[in-house]
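What Swiss-Prot annotates here:
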type	residues	note
BINDING	348, 409, 412	[4Fe-4S] cluster binding site
């Protein structure tokens, strides 16, 4: 019987097959690190008197706690400052490569690695961060791990794991105009639920996926974890190879040719069998937005806020009641009638150059609505920021009335100065809309960059077609 893409990558990295129910031992090609989940791992190495096994397969950056303004000034938050200085100290002591705040290659961990060509097809990639699934857009098996596992990888370059199940997510047909990768993944999560992918590697397939750019593919794989999955993957193709060619850490010369030859084998075999399969028709999709407090509570923008009675399952009904109360929404309210206070464009989900271009094209020649308190545009990496400035996108954002920031996780999460206040409502291109995610009492609607930009113009949740 044939193998799926995930099974092929797993088999290529199998050090030892587990027996009698024991986990396999898997080799890890690359581990990415940041300031939040690494301190205890370094301390564990220190206490055990160990050193990293392969320094050239470890790389760190500062992203979660970093300010996006006044980056040359002391961090005002003591806890954040401590985590950043601790990472810098640990990397110096153990010899781990670090791209700190202010470095030309600094950025969100899942944005800077692909841009440097560190992320490549067929690799196993881990990080103490759930959105490591982003790198699966290249045909890598990439997943988040806990802090104790971070220590284990530093010490051994391996992990003990039981094989993941596999699920095919087929997006058949062609996407309608105005529908983006973010709309696809939000629709998928709404369909299968936030636990629908639990224990699975999701492989995204179909013509609609194949037509996406690498930036768009990363958006989809990034949010696999919001469906409960361990990882998300897309088979590498000519789009993948074109993105990687010439990047600093991509293979060169004959090594490039050999790599591409191998990468072309990384496709699910025709006779492979998935453990589960889900199919959506691309032409049925439309711009999507969340209304509640988990990424699965979403609807098409043409719809209305649902009522608890719309849910047959008692648990979902109870969750809807709580979400409506927290979000301050009434059932039956048209999504387009929901006013927004703040717009956030950024994160490891939608802070790449393509996302910024889309937002800038919509904002060009407009001004933000008077009712909008602020619009934050935060590139996912320093390289993306520089590229956007070379293209003049920063001037469009500033003319519009937006704040153009330095790279970082920013308002995706309340771990840095970019936060919402209680009951402030945002439309955000990030990945999570949990209670308090963007600050205590914050209310978050997840959407695409196009929807966020249009909303900033009109003041209520909108699409570019509404302008």
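First residue shown is number 1, and so on along the chain.
The backbone N, Cα and C atoms fix where each Cβ goes, glycine too.
Considering other CB atoms within 10 Å as the measure, the emptiest surroundings among the binding-site residues 348, 409, 412 are those of 348. Under the three-state DSSP scheme, residue 409 ([4Fe-4S] cluster binding site) falls in the coil class. Other residues of the same chain near the [4Fe-4S] cluster site, with their Cβ within 8 Å of the Cβ centroid of 348, 409, 412, are 63, 64, 108, 131, 346, 347, 349, 351, 380, 408, 410, 413, 430, 431.
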